[in-house]
Amino acid sequence: MRITVLGAGAWGTALSVGIAPRHDTLLWARDAAQAAHIEASRDNRRYLPGVALPAALRLTADLDAAIAHAQADGGLIVIATPMSGLREMLARCAASGAGLWWLCKGFEAGTGALGHEVAREVAPAARVGVLSGPSFALEVARGQPTALVAASTDEALRNQAVEAFHSESLRVYTSADPVGVEVGGAVKNVIAIATGIADGMGLGLNARAALVTRGLAEITRLGTALGARVDTFMGLSGLGDLVLTATGDLSRNRQVGLQLAQGRSLPEVLAALGHVAEGVYSAATVLARAQALGVDMPITAAVVAVLDGRLTPAQALERLMRRQARAEGHAPD
């Protein structure tokens, strides 16, 4: 199968490393110098250092050529840019005829749209889906066992994703609920910032467990309000991705929270991180979308208040703990 991966960041490179030995894979990098260096050195030193690229993996900085590569023989295009680049890439690929998958997790800044909503607007006739789940790029690239979910309303496209991505180290499940899969992938980044803050403040494992559990309740409330299935949030893209991102130190969003708890400013944290932490950019959008739907998301609101400087981490914690006691469940709490 011909597969094009658009975006030579950590995730795009990691997925390419996994599929290139089995499929005709072309990895596109926006920067020509970066593409040439990666192809010559067989190492993406900036985003995935120390991982050798397979000889079969080719690189290009020519976007038109990258798209054309997947047009033949019913190929696939995987968009591995940050959420901010999804609209542009979908528009460029809309007429290709290839199946389109994206890896980014978040709500689009400005519009508040999820990936499938962006696709409906700019590529309404395309076959599209989202590939998500608990997955650190470095572990995927190393061939460590990972499970993902391929979500699309197109059954044939879901089956094609299994053929393309499933391997001895990467297990791919399918879902017909892209809304739920996208909400889980987007909001868990915000909850991971909250758990990072709590851990950075030394609040203990009880507090971490409470934030993860009540964070899952927030994710579920928002998702079902948007039309998702409840059981989706008990799966890989919900509970699975939340647990990994909230507790694993390879998580960029968790690292943001840990550093904020140490008193560093957000600009300092982001400069030191050097990579995109989607939760920082989508938190306010998540909250705005929830408020428009009348969905209560107190943990998300606390994270937004810390990110924009209205509350310190300690003040945000105090506000959460002083909330009126309620019954547990998915009703507003």
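Placement of Cβ uses the backbone N, Cα and C atoms for every residue, glycine included.
Of the listed candidates (ALA137, ALA225, ALA305), Swiss-Prot assigns ALA137 to the same NADPH site as TRP11, ARG30, LYS105, ARG252, VAL276, GLU278. Ranked by CA distance from GLU278 (NADPH binding site), the binding-site residues SER135, LYS188, ASP241, SER251, ASN253 have ASN253 at the top as the closest. Sequence-distant neighbours of SER135 (sn-glycerol 3-phosphate binding site) (same chain, 6+ residues apart, CB-CB distance under 8 A): TRP11, THR146, LEU148, ASP241, LEU244.
VAL276 (NADPH binding site) has a Cβ environment of 18 other Cβ atoms inside 10 Å.
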